[in-house]
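Peer 1: For V9, A10, I11, G12, I13, G14, P15, the entry in Swiss-Prot reads FAD binding site, with the evidence type sequence analysis.
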Amino acid sequence: MNREIYDFVAIGIGPFNLSLASLSAPLRGVRTLFLDKKSGFDWHPGMLIETSTLQNPFLADLVSLADPRSEYSYLNYCKLTNRIYSYYMRENHYLSRAEYTRYCQWVAARLPNLRFGCDVQGVLHDPESHSYLVTGQHTMSGQRFMFRCRKLVLGLGSQPYLPACCDRRAAPFIHSADYLRHKYELQGRASITIVGSGQSAAEVFHDLLRESGRHDYSLAWITRSPRFFQMENTKLTLELISPDYTEYFHDLPEARRQEILTQQNSLYKGINASLINQIYDLLDEKVHDGDNRYTLLTNSELRACRYDPLQERFQLDFQHLDCDRPFSHATDGLVLATGYSHEIPACINPIHDRIAWNADGSYRIGRNYAIDHEGSEIFVQNTGLLSHGVTNPDLGFCCYRNSQILRELTGTEHYRIETRTALQEFSPPADGVLKHRPARRAERGPTVAARPLMDIHRATL
């Protein structure tokens with residue numbers, strides 16, 4: 001047994017906890033440990049499609065929005081891997097998923113506080129020492145381990161969500177999370193159907209559409225959504241992914257928060273506008289060349305899924321929501337791009353009574369991301385959509401959240417936590433009167449001729 005007492009142990013090493021590890025590693029006197037069952041960092045390997053990109057610019061890396069000088073920044077990664085000038089020449093601020101994964105793996109290899117291959121199987125509380133015991137097994141050797149810590153961070157991520165009518169034990173369908181692993185087999189089918197309408201569905205459809213010229217499959221894309229809508233990324237709308245809005249959202253009644261989230265799907269469930277346009281242009285080109293084997297249909301909800309093992313075909317039943325009319329659809333290959341859901345990890349069952357729960361069995365998450373009754377010992381990553389809104393799954397917000405969590409874990413604000421970042425207001429005035437802000441009196445002085453605008457990026461001395 002390791003006798004050292006860590007200030008906190010984090011379970012799970014995805015991007016959010018990897019960010020926390022990167023921000024905590026340089027802190028003197030802060031003892032941390034991050035555990036994960038996987039053999040190394042691997043983020044959505046089934047969706048590392050060649051053309052897929054992140055929805056956030058490179059500044060939304062693991063550390064820059066908290067500490068731009070960090071050695072674990074994406075720009076430092078580019079510098080140390082001799083890629084910074086080529087990245088500058090590309091003039092593209094959006095990373096591919098594969099590039100982001102390589103960057104995260106580069107960071108993970110340099111952090112001293114990560115332990116992969118550690119399957120956490122239980123968390124116990126020791127009331128005498130006011131500490132937690134994290135127990136489990138090394139996946140390679142089978143040897144047991146036990147670590148003692150004062151506080152916990154849970155960052156176990158999400159699991160592929162399947163519609164209620166789909167039973168993986170009865171049918172060999174594929175969730176988009178496993179797409180690349182089954183892609184070759186899938187392309188040998190006579191017909192392929194994708195169900196879903198978000199970014200993952202669009203990336204899978206686009207990938208199969210691009211390569212359809214080398215194969216004979218027909219391709220269908222069916223979604224319950226009323227349209228293939230793009231992700232909103234205008235600047236004032238993006239301020240809904242800000243500390244200011246998170247504070248406002250968290251203070252609203254729960255019923256109102258639920259209503260708002262249904263209105264904000266396009267903020268985190270939409271498709272990149274560039275990808276939508278690429279799909280349209282490619283479809284248009286193929287159709288005009290006489291290739292008509294593609295079907296796109298909206299407003300259609302999957303109600304039943306049956307698989308015939310003899311014919312190796314799926315029989316799908318849909319309900320068209322606008323027309324209120326059922327229809328059936330047969331396909332040889334099925335990809336469910338139906339998103340992800342969060343599950344309560346079994347390892348925390350022994351400390352169930354120390355955690356605050358909602359009536360529906362979900363965590364009751366405090367404003368500081370704590371879920372224990374004291375609000376100071378157990379923290380969570382990426383499970384607070386209803387409590388904290390659309391900032392919850394956003395990569396660009398993880399540095400701000402982790403700066404807050406680190407402050408709660410250590411009692412010190414190691415990284416500056418901005419109190420206001422938005423240019424707009426979200427709450428009405430406390431006194432019930434909205435007043436104009438006073439104008440700043442213009443200073444009198446000589447008139448200066450306007451200077452011509454320059455392309456700063458290409459400016460030379």
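Cβ coordinates are placed from backbone N, Cα and C, and glycine is handled just like the others.
Owing to the predicted nature of the structure, the values given are computational and were not obtained by experimental measurement.
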Peer 1: Hey, what's the Cβ neighbour count for P15 (FAD binding site) at 10 Å?
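Peer 2: P15 (FAD binding site): 23 neighbouring Cβ atoms within 10 Å.
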Peer 1: For I11 (FAD binding site), write down the residues of its own chain that are at least 6 apart in sequence and whose Cβ falls under 8 Å from its Cβ; none is a fine answer.
Peer 2: L35, D36, V120, V123, V134, L152, V153, L154, G155, L156, P345, C347
Peer 1: Residues with Cβ closer than 8 Å to the Cβ of G12 (FAD binding site), same chain and 6+ apart in sequence?
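Peer 2: Non-local contacts for G12 (FAD binding site): L35, D36, L154, G155, L156, G157, Q381.
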Peer 1: For I13 (FAD binding site), name the DSSP secondary structure in the helix/strand/coil scheme.
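Peer 2: SS state of I13 (FAD binding site) = coil.
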Peer 1: Taking only same-chain residues 6+ apart in sequence, whose CB is under 8 Å from that of V9 (FAD binding site), what do you get?
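Peer 2: Those within reach of V9 (FAD binding site), by Cβ under 8 Å and sequence separation of 6 or more, are T32, L33, F34, L35, Y132, V134, F147, C149, K151, L152, V153.
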